[in-house]
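To start, the structure itself, in structure tokens.
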Amino acid sequence: MKSTFLVVLELAFFLLPGRVLYAQKDSEDGGSHYSSDDCQVTPVIHVLQYPGCVPKPIPSFACIGRCASYIQVSGSKIWQMERSCMCCQESGEREASVSLFCPKAKNGEKKFRKVSTKAPLECMCRPCTGIEDANVIPQELTSFADEGTLTGYFQKSHYKSIE
């Protein structure tokens, strides 16, 4: 059971104007802990598909994690609410070209089709905005290391500046 002082202190913390970076949560054992941003590049398997070609799973990366978001009463206008919505997003890209086998290719057409794909280079918490749907969808998490298997597929592309 929380003391009245702690409840008042927590309430005052959330009503202060400005950005809340950490939110306190009660754990099952009765203690408290603070959650913070946890957004990182994570190895995944992407399945590349093209009509008439055999889908091909490849090792790739995705931005996975959580970022601090909140809504609170405005410090200057108590009848208004302040919102901060942060999302785990890419801050740079990797590019790769992969060949897909296309057994249904017509005579004169190539049996292999080169498909380009992208993956995040780095991830960070940024304001949530609409992001274009990617052509590839993470299918499952993998245990690939950052070196070795994955580095053969991807090369550094360009860096997107967020300002």
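Heads up, the Cβ atoms here are built off N, Cα and C, so glycines get one too.
What Swiss-Prot records for this protein:
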type     : residues : note
DISULFID : C39-C88  : disulfide bond
DISULFID : C53-C102 : disulfide bond
DISULFID : C63-C123 : disulfide bond
DISULFID : C67-C125 : disulfide bond
DISULFID : C85-C128 : disulfide bond
DOMAIN   : 39-129   : domain 'CTCK'
SIGNAL   : 1-23     : signal peptide
Problem set entry | Around the Cβ of C88 (disulfide bond), the count of other Cβ atoms that are within 10 Å | 22
Exercise. What count of other C-beta atoms do you get within 10 angstroms of the C-beta of C125 (disulfide bond), across all chains shown?
Worked result: 20
Exercise. Long-range same-chain neighbours of C128 (disulfide bond), Cβ under 8 Å, sequence gap at least 6?
Worked result: S69, C85, M86, C87
Exercise. Using DSSP, how many residues in the domain 'CTCK' (39-129) fall into helix, strand and coil?
Worked result: 0 helix, 61 strand, 30 coil
For this session: Might you list, by sequence position, any residue in that chain lying six or more from C63 (disulfide bond) with a Cβ less than 8 Å away from its Cβ?
Result: C39, Q40, V41, T42, C88, Q89, E90, P120, C123
For this session: Ten-angstrom check, please: count other Cβ atoms within 10 Å of the Cβ of C53 (disulfide bond), all chains counted.
Result: 19
For this session: Provide the number of Cβ atoms within 10 Å of the Cβ of C123 (disulfide bond), excluding the reference atom itself.
Result: 21
